[in-house]
Amino acid sequence: MSETKSFSSIETPGYVGFANLPNQVHRKSVKKGFEFTLMVVGESGLGKSTLVNSLFLTDLYPERIIPDAIEKQKQTVKLEASTVEIEERGVKLRLTVVDTPGFGDAIDNSDSFSAILEYIDEQYERFLRDESGLNRRNIVDNRIHCCFYFISPFGHGLKPLDVEFMKKLHSKVNIVPVIAKADCLTKKEILRLKCRIMQEIEDHGIKIYPLPDCDSDEDEDYKEQVKQLKAAVPFAVCGANTLLEVKGKKVRGRLYPWGVVEVENPEHCDFIKLRTMLITHMQDLQEVTQEVHYENYRSDRLAKGIKNKENGIIKPERDSVVPTQIVLNEKDRILQEKEAELRRMQEMLAQMQAKMQAQQ
């Protein structure tokens, strides 16, 4: 008869074991994986696709066909979402990049951001609907967590389209301004352009993603890193997927007659700072999306109301006071939808059982 092994645990005086809770959360998170959705917006030819591929060391657009000038004139803003599974040291990231080809290419761009606004609202609406459904455990989060807005280096600051777009979107998504193709400018020109852009952002009341302040007990190196990241906004970047040999080392960069621009050299551009900001603040970007932008949409949605086809309830506009009865009617509507969904599932199950019995 085999002996049963006695249950063993750590027996340390004064130690209960809940100090191990962070490790449990870590294991669960790593097993589940992470989701992140990045939107890139800017005129054609600013190197958006190249930069994204450089950031994540992957090719998100293997089959992309670049339209010619005639096609661009007729082209409207059409959003393209590309999803890729990235794994690094056992940690899985489901990365979705939403590109906006056609933005800013037309002669009249007054309506070019409508499709982008609609797409962002659609993702919030889908998430709200999934939250109210029965299968809440397997919700796929396609909400936009961060938006890289590419600014042309050839102007003297923000264009009217840049200002209008950011003012429309700053209450819906985390905007990170990026100066594209920074290798076209000298260091003095970059510094001057950065100051001009930040001044215009402040003058127009545009709210960009604010890097969170460090706690007093944070590591000094981390505090210095965050300080440098804040000073680098808007990030002046350039991307490259070509490997070049410089002084016996393989680097990603661009070869010019006067030398090589190294993408990952902080002296040449802010690429490393942008990537560091994105990776170290990825969780915060998701939290701001959930707790600020999504909650704003959700409260507006409840206040504005929906025309219910079943009972004809029309809810008031955003700025009006919401009566308690209407809020209750909204809850009743959600419950009715859940009950209807449950009935459909029961009917499907009954049909499947009937088919199985008929086959027997």
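Just so it is clear, glycine is given a Cβ too, placed from its N, Cα and C backbone atoms.
TrEMBL entries are annotated by machine, without manual review.
The coiled coil feature in TrEMBL is assigned to 328-355.
For the domain 'Septin-type G' (32-304), the model's pLDDT averages out at 84. If you look up TrEMBL, you'll see 32-304 marked as domain 'Septin-type G'.
Marked as site 'Important for dimerization' by TrEMBL: F154. Around F154 (site 'Important for dimerization'), a 10 Å sphere centred on its CB holds 10 further CB atoms from the protein chains shown.
A coil conformation is recorded for F154 (site 'Important for dimerization') in the three-state DSSP classification, outside any helix or strand.
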